[in-house]
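Okay, so here's the structure we're looking at.
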Ligand code: F6R
């Protein structure tokens with residue numbers, strides 16, 4: 001796991017965008033795993049800027065969303081399919097038919113979860129998965145207690161997560177209780193994972209999953225088993241890391257040819 005500590009969310013977004021730009025320029029048919037929430041927004045802003053100003057093109061790229069609420073009608077402003085369209089794919093030139101998300105409205109949710117796994121496989125697997133992390137250590141919506149080998153399935157949101165996400169709704173009562181999420185096993189299949197987090201509210205979760213034991217109690221800790229994970233955080237999110245100085249030292253002395 002590489003931990004990169006940067007001054008602010010702008011630099012965090014730009015560095016994660018560098019990893020995506022390098023991938024898309026070298027492999028125009030790349031498959032991106034797309035997260036929602038606040039953390040990836042600076043990445044999407046930066047990619048949209050590079051699309052407008054530097055000719056970064058996504059025409060052959062495929063995108064797979066990490067998760068989706070169950071119970072919001074299709075087209076709901078806060079459905080993750082809509083958020084990803086609004087915040088990223090509609091701002092660049094990704095073909096609409098190349099953007100996929102778990103179906104939270106399916107009558108047969110189990111069948112839809114299976115079909116989603118198959119669609120990721122058929123696209124060749126995820127090359128680069130963007131992740132945020134919940135204050136309780138979730139990734140995707142794999143809440144504490146999730147199997148470390150889980151695949152796409154329906155989950156019940158933790159109350160902490162509903163509380164955290166209520167800022168996107170008029171009241172917490174409108175936050176769905178259920179979601180469809182890629183499993184931890186699904187996320188672990190991605191070839192490169194780039195997790196971004198900013199702010200003091202994430203400091204404990206970062207400490208727990210980067211330096212704590214691997215445990216279903218902290219789902220993001222499964223990433224310790226992944227061969228290529230880049231954690232990009234700001235100073236505030238890094239305050240509880242015992243190894244912060246050594247992570248800074250390693251990144252400061254990294255040979256440029258290694259890339260991210
Ligand atoms: C979003 C997702 C979640 C968020 C996490 C952090 O698709 O899967 O795991 O990444 O809840 O959310 P923010 O970034 O809003 O703090």
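Glycine is no exception: its Cβ is also placed from the backbone N, Cα and C atoms.
Caution: TrEMBL annotation is automatic and unverified by curators.
Listed in TrEMBL:
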{"type": "DOMAIN", "residues": "11-224", "note": "domain 'Glucosamine/galactosamine-6-phosphate isomerase'"}
{"type": "ACT_SITE", "residues": "67", "note": "active site, proton acceptor"}
{"type": "ACT_SITE", "residues": "136", "note": "active site, for ring-opening step"}
{"type": "ACT_SITE", "residues": "138", "note": "active site, proton acceptor"}
{"type": "ACT_SITE", "residues": "143", "note": "active site, for ring-opening step"}
{"type": "SITE", "residues": "146", "note": "site 'Part of the allosteric site'"}
{"type": "SITE", "residues": "153", "note": "site 'Part of the allosteric site'"}
{"type": "SITE", "residues": "155", "note": "site 'Part of the allosteric site'"}
{"type": "SITE", "residues": "156", "note": "site 'Part of the allosteric site'"}
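Structure with TrEMBL features highlighted.
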residue: 67; record: active site, proton acceptor; Cβ contacts under 8 Å, 6 or more apart: 36, 80, 102, 140, 141, 179, 180, 181, 182
residue: 136; record: active site, for ring-opening step; Cβ contacts under 8 Å, 6 or more apart: 143, 144, 158, 160, 161, 205
residue: 138; record: active site, proton acceptor; Cβ contacts under 8 Å, 6 or more apart: 144, 146, 158, 161, 219, 220
residue: 153; record: site 'Part of the allosteric site'; Cβ contacts under 8 Å, 6 or more apart: 110, 113, 180, 181, 183
residue: 155; record: site 'Part of the allosteric site'; Cβ contacts under 8 Å, 6 or more apart: 141, 142, 143, 146, 178, 179, 180, 181
residue: 156; record: site 'Part of the allosteric site'; Cβ contacts under 8 Å, 6 or more apart: 143, 177, 178
Cβ neighbours of residue 146 (site 'Part of the allosteric site') where a neighbour is any other Cβ within 10 Å: 22
DSSP-derived class (H/G/I helix, E/B strand, else coil) of residue 156 (site 'Part of the allosteric site'): strand
Per-region confidence, the domain 'Glucosamine/galactosamine-6-phosphate isomerase' (11-224) (mean pLDDT, whole number): 97
Where the C-beta lies under 6 angstroms from ligand 1, the matching recorded positions among 136, 143, 153, 155, 156: none
